[in-house]
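Peer 1: In case it helps, Swiss-Prot gives these features for our protein:
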type	residues	note
CARBOHYD	107	N-linked glycosylation site
REGION	112-203	region 'Alpha-2'
CARBOHYD	197	N-linked glycosylation site
DOMAIN	206-294	domain 'Ig-like C1-type'
CARBOHYD	277	N-linked glycosylation site
REGION	296-305	region 'Connecting peptide'
MOD_RES	350	phosphoserine
MOD_RES	353	phosphoserine
């Protein structure tokens, strides 16, 4: 198995998953960043249920604590938050050690800034059986080591990671991870879905429209927007006379809108005057049927254009008449001689280690 680079996973925040009948996912993303001369490495951990961030820990906070990031998590009592805070602080120490160990493996100096990351969690189906478990690590933005889909073996990305793999294989760490992913991870996902049922199991249909962006005298860009939808799983495609233009589209990753919903757009360059031949198709579970959109010059714009053109013609005629009358009058007043004029003054014109128990716990084995 080739693990996905965690920087890309973090940038994307979370791969889209469906809600209601399933599948569902629980995932944690953890990052430790060394900063020589500025104190201890910064440690950040965030947790997601499906497409929603629900917990966070930041070692740079005034009072570093595991805290809720979704209103429904406030139902958990003080004991839960205290326990998770202690686990996060324990994991913070593990990541600091791992950063130093990785620097040694790669023969790096202590003067540079480095990043160690981890993503772990589980995907479950509608029957609550495990579909996929994750334990992936990255160093300086590159894959380091990952638990394979069989949850029994590891894939090391390079010779440095081979050292860690041998150590973890000897210690039987894969078995420990597997027990968590098949058991407690699934149970905690069920718990969080119960707490956030109204939010996590909702469906917000996208609001879609097409915008027009001139490029040159021969072509334009048509951009199809989908806004305010949840969950994040959505498909936008452009078609020309019924044929998909997937290879010719510019497609951005689905992005959080900041209000619990998501947004996305897809663009295609088309010949000027051929805009009507292109259609955008939007597929989302919140829609009773897929949307089909086409760029059209709004009727109001056509009417306004006609009105403006008429007004321009009338205005030009009025101005021309006024100028002619003014000149004729001045010529009469001056006996046909021209008059010189001068302008008056001023008249110019947008975690964790090996889980155990609930969410987080210190790994029994570091990279060393």
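Glycine is no exception: its Cβ is also placed from the backbone N, Cα and C atoms.
Owing to the predicted nature of the structure, the values given are computational and were not obtained by experimental measurement.
Quick one: where do these features end up spatially?
Peer 2: All protein chains shown were included, and the count of other CB atoms within 10 Å of the CB of residue 107 (N-linked glycosylation site) stands at 7.
For residue 197 (N-linked glycosylation site), no same-chain residue lying six or more positions away in sequence has a CB closer than 8 A to its CB.
Under DSSP, residue 277 (N-linked glycosylation site) is assigned to a helix (H, G or I) in the three-state scheme. Cβ neighbours of residue 277 (N-linked glycosylation site) (same chain, under 8 Å, six or more residues apart in sequence): 240, 241, 270.
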Peer 1: Counting by DSSP, what is the helix, strand and coil composition of the region 'Alpha-2' (112-203)?
Peer 2: 40 helix, 29 strand, 23 coil
Peer 1: Given the model, what does the mean pLDDT over the region 'Alpha-2' (112-203) come out as?
Peer 2: 95
